[in-house]
Amino acid sequence: MELILVVIIGLLYASGIYMMLRRSMVKLIIGLILLGNGANMLIFLLGRIVKGKPPIIDSTAKMLTEIYADPVPQALILTAIVISFGLQSFAIILVKRAYKITQTDDLDELNTTDEIYE
Amino acid sequence: MILAILSGFILAGCTPFISKFIKGKGSLLLPLLPFGLFVYFISYLKEIGEGQTFKFSYEWVPSYGINFGFHLDGLAMLFALLITGVGTLVFTYTTSYLKGHQYLDRFFGYLSMFMASMLGLVLSDNIITLFIFWELTSISSFFLIGFNNDDPKSRKSALLALSITGLGGLFLLAGMVLLGFVGGTYQFQELLSQSNLIQDHASYGWIVGLIFIGAFTKSAQFPFHFWLPGAMKAPTPVSTYLHSATMVKAGIYLLARFTPLLGGTPEWNTTLIIVGAITMVYAAVHSIFRIDMKGILAYSTISALGILVFLIGLGTEASLLAAGVFILVHALYKATLFLITGIVDHETGTRDVTVLSGLSKVLMPVAVAAGLAALSNAGAPPFFGFIGKDLIYEATLAYGNWAVVLTIAAIVTNVCLLFAGLLAGFKPFVGPLPSNYAALHLPHPTMWVPPLILAGLGLVFGLFPSLIEGVLVQPVFSSMVIEGAPVHIKLWHGFNLVLGLSLLTLTLGVVLYMILKPSSLLFSKTLKFEMIAPQTLFGIFGKFFNAFARFWTGLFQNGYLRNYVITILGFLTILLAYRLYQGVNLYIDTAQLTSLTIYEVTVAIMMIVAIIFTVFSRSRLVAVASLGVMGYSICLIFLFYSAPDLAMTQFSIDTLTVILFVLVIYNLPKYKNFSSKAVRLRDAVLSIFFGSLIAILTLEVLAEPLNRETSIFYAESAYLLAKGKNVVNVILVDFRGFDTMVEITVLVIAAIGVFSLLKLRLKSIEKE
């Protein structure tokens, strides 16, 4: 399974970068989301994946023993997911707003700070 | 001592607060500062004459070996006296020359700053401090040259002077650092004892070359000479000061100072002789075609500087003595001529020698001073200039095989200089007085007394050379030649070849003056050669450099975010690829891999398809939906591999994102491709390369052993310390509770942003 995940991570990175390099603002956001997911998967995989052993202490035990999934990457990723949601939602609304004022989605046309009156 | 140097800076700092005072009667008090300093240095004269030197040291940056070390010896003494002495007269002169000027306070501020920098420069023993003062003179001269800042020409000249001398200063710094590195110290007196070591070092050529560039730019040597005529845009007192005693003499001072340390080698001597000779002949010939008094004097200054460099380059005892004397000779007559030019300009409003004549009838004392200076410049006996010229010929005649060539070069230069001197100091005062100048009257004594004093000194020193021989000339000589014979200067040498040459020079000069009449026609002809002048070439170079900088900046700082991303990623990719190419060790331990099940493969395929759809879909809705599918697949992977918390979070967040997208989707622009096929192909190649590299790196890292220390701590302590059984949750809300709180804050800020963006009404621009 690791090998497949490696391929998926590579694909997520590649597609994320590709979308970020587009001129459309919407595509830029999609690229950001893809890249963020790729990074999450990377951290997840590098913490080593374990099947069916969540890092939850058994009700009778006092600590995790045996083999268990690494809790640290999970904590990191959880934070990352939430933060990236904050970023994404703000970016989406910003794009919507910017489009309403400038009537363009092309980043190259956003080269002036002056308001455009039509 | 340090107070003596800093007093100029202190005065400069005070001028804005006492500006009313300066503009009023107070300006007459200002010359007291340089005069006080002059007296202060004079008080050391006796001891210096007896061969003593004085050291003053104040710590500054001891860790780098930089301190305020000052060393007063003969050479420093000569320059200190010139700076403060001529400074006194220039300050006095300015009180009348710029009387009532709007920015008189500013002018005095710059002037005293300049004087102080110059003093610091000649007195510094530490070569790094010397460099700092060196640059300070460049900066303060920039303000002085550009003093008439509403004149574009003035600004341009100031900028030119700053860029040339400042650029040279940087070379000088490099030379100094290299010298300090080789010698192991920045103290000049300590370096002096290691002269042989430095001269044999492999970097010797570099040190000399770098210091030469610094000195040549400052002292206006060919081909860096062109900033000096431009500096004529400055008010006349500034030109006087810059040309006679300071600024341009700094380079000469540097060369003279470093002669005992670096001199005596073929590199040193040959370069200086060639550069000096070219400069002196080139500028001397140039000077005779000028018609502006200041222009004539500027080129004759360059020529005189060439002579000095040339003499230092000859490097014999006779030539160094001649250099020492000529510095003083030149300072005296050149300052006089400049001050006179200022008076003439001030009174008649022109400096054109073709127009001026007969002024002695109205400006008698000025004419006397001018005549004395012109004669001293001409080297006529019994003036000080005669002694100077004799010493020069003695030096060239004694220079072995090349004596004839060098002597001829010296004669040509001197004849032209003589002519230039007569043109500026003699011509305007003789002949018939034009009627429109008949009403002129003598200016305030503060203007005509200073040149008279200077010119008078030229005569006095000539008649009684013993006045300065012991106290000044001998110590200067000893500073440049460590173990030289005692010097003796005298007016009359008897009938010999040197006298013959002097008389020949005089005759030729006077004949030239009789034949060649200055005319604007001749002047305009010489202007045609400007096409190939170094000045023009420098201008072209500057333009090219600007264009190149603009192109280069445009290439990298082009304002397109994605180009920055491409540059960064491209560079990273190349670096990583090179490293991997050198030795990639792709080791996959199949035993360690987790087994595959059918539903995992299904999820993986689903993800890949979703990604492909996201990227290539032409419909916005499809892309967003695919994004959602991909998010849910990740959620499933989290679920399979023991991360239920992540799965839950991912699920809710993904849902929210998609909903948000869909909510605003009808407002969003049409989904379209802006880029051309080639651009898309380029981006695709880069992305694929980068993605593959990340994948390879991931595999590499997977093969490395994992340090689980942190996880083990959390796994063991989660319940015992924090009383929680879900370890991930415990980490987030307990061990790293503050982080989570800050994270929530970030989210709140984002939420406020989203909310306000949605609610914001943008008045009329809005079309909802």
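Quick reminder: no glycine exception, Cβ is built from N, Cα and C everywhere.
Within the listed segments B:121-137, B:240-256, TrEMBL records transmembrane segment for the stretch B:240-256. In summary, the transmembrane segment (B:621-641) lies against the transmembrane segment (B:647-669): three or more C-beta pairs, each 6 or more positions apart in sequence, are under 8 Å.
With helix defined as DSSP H, G or I and strand as E or B, the domain 'MrpA C-terminal/MbhD' (B:605-670) counts 55 helix, 0 strand, 11 coil. With helix defined as DSSP H, G or I and strand as E or B, the domain 'NADH-Ubiquinone oxidoreductase (complex I) chain 5 N-terminal' (B:63-108) counts 31 helix, 7 strand, 8 coil. Mean pLDDT for the domain 'NADH-Ubiquinone oxidoreductase (complex I) chain 5 N-terminal' (B:63-108) in this predicted model: 82.
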